[in-house]
Protein chains: 2
Amino acid sequence: MALPKALENYRQFYRKIKTFQDIGSVLHWDSEVMMPPSGREYRAKQIAEISGLTHEWTVGPEYKDLIEKAVQSLSEVPQTQKSLWEREFSVLEDERKKAEKLPAEFVTEFSETTNLAHAVWAEAKKNQKFSDFSEILEKIVGLSRKQADYIGYTTEPYDVLLDSYEKDAKASEIDQLFQDLKKELVPIVESAPYFESPFSSRTTSKEKQEKLCKRLPPLLGLSFDVSRLDVSHHPFSTSLGKADKRITTRYSESDPLSSIFGVLHETGHSLYEAGLSEIEDWPSPLTEFLSLGIHESQSRLWENQVGRSRSFWEFLYPILISDFGLTEKDISFTDLYKSINSTKKSKIRVEADQVTYNLHIILRFEIERDLINGKIKVKDLPELWNSKVKEYLGLKIENDSEGVLQDIHWSMGGFGYFPTYTLGNIFSSQFFAAFEKETSGYQNSFAKDGDFSSLLKWLRSKIHHQGKIQDVNSLVSSATGESPNAKYLIQYLKSKVSEVGTI
Amino acid sequence: MALPKALENYRQFYRKIKTFQDIGSVLHWDSEVMMPPSGREYRAKQIAEISGLTHEWTVGPEYKDLIEKAVQSLSEVPQTQKSLWEREFSVLEDERKKAEKLPAEFVTEFSETTNLAHAVWAEAKKNQKFSDFSEILEKIVGLSRKQADYIGYTTEPYDVLLDSYEKDAKASEIDQLFQDLKKELVPIVESAPYFESPFSSRTTSKEKQEKLCKRLPPLLGLSFDVSRLDVSHHPFSTSLGKADKRITTRYSESDPLSSIFGVLHETGHSLYEAGLSEIEDWPSPLTEFLSLGIHESQSRLWENQVGRSRSFWEFLYPILISDFGLTEKDISFTDLYKSINSTKKSKIRVEADQVTYNLHIILRFEIERDLINGKIKVKDLPELWNSKVKEYLGLKIENDSEGVLQDIHWSMGGFGYFPTYTLGNIFSSQFFAAFEKETSGYQNSFAKDGDFSSLLKWLRSKIHHQGKIQDVNSLVSSATGESPNAKYLIQYLKSKVSEVGTI
């Protein structure tokens, strides 16, 4: 049956905006991966023009009017389809109304301040001097609190910022999850064994790594008909269109595992995007990714639950040995397996292993929540940071660059972003445990045939094809039978640490 | 001194359109060079949205109004700057008014017909059957004549179509140039010697070719700070922004010269675009390329006048020998030099050498001019084509695919495009002759130091930095001291043919 005309008209406008957002993704991908260096300045202008246009369309009167008429026309829609449409407009209006509440001058000031802050942060980090960054950081904190005031909150300002990345999440609920996790993590970290990487003493050429890495996306279910693998400074994945989901990695000759895990991680993100694009209605507001935590759960699941599993490596180990021109005597299966599940306390988040990583996130969440809620001051950050690192990881921070200045996020005004990383780890463990319970013998297909389709099929139906139909809590509950909880992540890490400690 | 506000406002709108056109170039480059195969359908939509938007802005009331106000404000501009501004608005309004004269339904019908025709042409070519293509070609010819009627002409409808590619050119003037050329060319072709390529009996890997090819753009003055060299099905060059001019080539293991000449040709195009971007006012209507003939003159000049010269190869030959892992015994300088200046009559334009190429163009010009002017009919094309090939090249066409169906241009409605290729050859010879006359000892810099800066400097000042300030005839006259004429191309080809015939 044909849609009421008003729904078609609104959808057409929505799709125009989406097409231009995807054009922005092409410009961004090219700038990170292909563009000659001198192209930067003009490209920034091109990207700004596209963002300006899509923002203008999103908050403009034409779209508002089309949406109002579309909502009115819902009375003509068959009863069975009504709730889906209502969900669509609720998702859409929530975003649009938030945008409407921010005055244009505020948006400009925020963007100018954070643009400026990036350079200030980079310079301060280079000079290991937090005090050079504190003035502009105070301004960003002030603007972020102002943003929370414009949009409005019931419990605490931080919730508003969190909501931009993790829809409907509440800081108090995340705090509960994270405290449960922290209590268990600290002793796990103490007992977890460290193993030197067997690759650190040899050189593995970029070409050899690339050969192996190019096998991975198709192996997991991401065909190069709809994807590419390239090199960039920071690995990332991006959707440039319905059937165009690209990933990048980077190659270190002394650490080939980092390119492999980079590819597994980014492939997980792109498999989610590819699954969303399979939804019949694509593109619609309900075929966008649900939240950053759910997005991250898909990358972490393929990186950790699959990529650090025994069955995955039983399949990949002989291929790696052959692609790298080695023999089993050079690097044994056991040494390889132990090293990819090794734990070591470190000061830098992006170098952390799967166990300690979450402690890095929890300390950031605790600090930024208090900062935004006004319980602590910018000038107290270094001391607070260093004392938490001492408490959770037992390490002494020697200078601000390896401490509070290490991450770019706050300079971009990205308060509320950090917790989504650990939410991703929590969700991925819970999803994988549910998949395991439902799927007997999957290890055999992984290990013997390199066949991961049972897992992808499960994720497609339980997560990817669900789009934004439900909220995060409902999605996790309906996929796993339980509310989001840290139990499965704790179980996963405990059993992994104990396994590699005894082989 | 600050510009009158009305001029600034108009320029700002012009620059917005230009930025989006350049975004379209990014989308196009990516689709030809990088995009995974399944991305095609959605990318076509992205490109169509960008073209639609820039067209809408170009012919819309807002721009018209801004231009009118800007023109009125010219009274406030100092006398010394007035004529430049007048030229700018004359160039701009000429294009815009032409676009205004075409009804929207006509533009849609033209675009739908030619989109459809592409597939019909490809299928007919595959089946070697012109009659399968003739019906839709008749429709395209009809629409092209209608286009000429909408826009209006004084002498013949073909002039209108020609004008879209070669501003202000008249078919009667081109015919004069081409007849002069044809008269001389036919006997030159008869006397020109053919030499087998010394590479045809050996394999040259893509990697070796790429190594050599990557030296060429920087050698000629196109740095990889502002450029890239990649592979695509058809070589092309494109400007993606002020400092982002990319080129492509393709590699054949049995014909490495084709990748080298592809790179020289496309580098010539990109050097022109890079020179235009150096004009202080960039981007403005006067910093766009002047005409396709002038654009082609820049690619042909580096491909032929430089790339087939003795001094160029005196520099490059030892590098080629080394990059290809050969010795001078494998391929001698003389054999190489003769083969790159070899002549052979052939049926296919894109495989033709520098001498016979122009006969391919002249026959297309003669045919399409008569077709658009109504002197001949679509159904007569194959016979006419075959008889001209017999007359000019002495070859017998066996089927339509190697004859009238070989080129894509007519299926796209591109009548008036072909002559710009030979205009490029004519201009390039005339430019190079003028440069030679003014620059003593340039051969020594080319051959000994691989230093081509004297030529680039000449082109920058006489051609590139002139932008669209003058029309084509004035540009050629002021750069060379003579009106456009075929004398220098004939001289060049005669002396080349005689040189390689006697060594």
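Just so you know, glycine gets a Cβ as well, placed from its N, Cα and C.
Bear in mind that the values here come from a model prediction, so they are computed numbers and not experimental data.
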One of A:Glu210, A:Glu296, A:Glu314 listed by TrEMBL as binding Zn(2+) at the site of A:His265, A:His269: A:Glu296
A:Glu266 (active site, proton donor/acceptor): tally of other CB atoms within 10 A of its CB: 27
A:His265 (Zn(2+) binding site): tally of other CB atoms within 10 A of its CB: 23
Check: same-chain CB within 8 A of Zn(2+) site center, minus A:His265, A:His269, A:Glu296: A:Ser237, A:Glu266, A:Gly268, A:His295, A:Gln298, A:Ser299, A:Arg300, A:Trp302, A:Glu303, A:Gly424
Cβ packing number for A:Glu296 (Zn(2+) binding site), 10 Å threshold: 25
Residues satisfying Cβ distance under 8 Å from A:His269 (Zn(2+) binding site), sequence separation of at least 6: A:Ser237, A:Ile247, A:His295, A:Gln298, A:Ser299
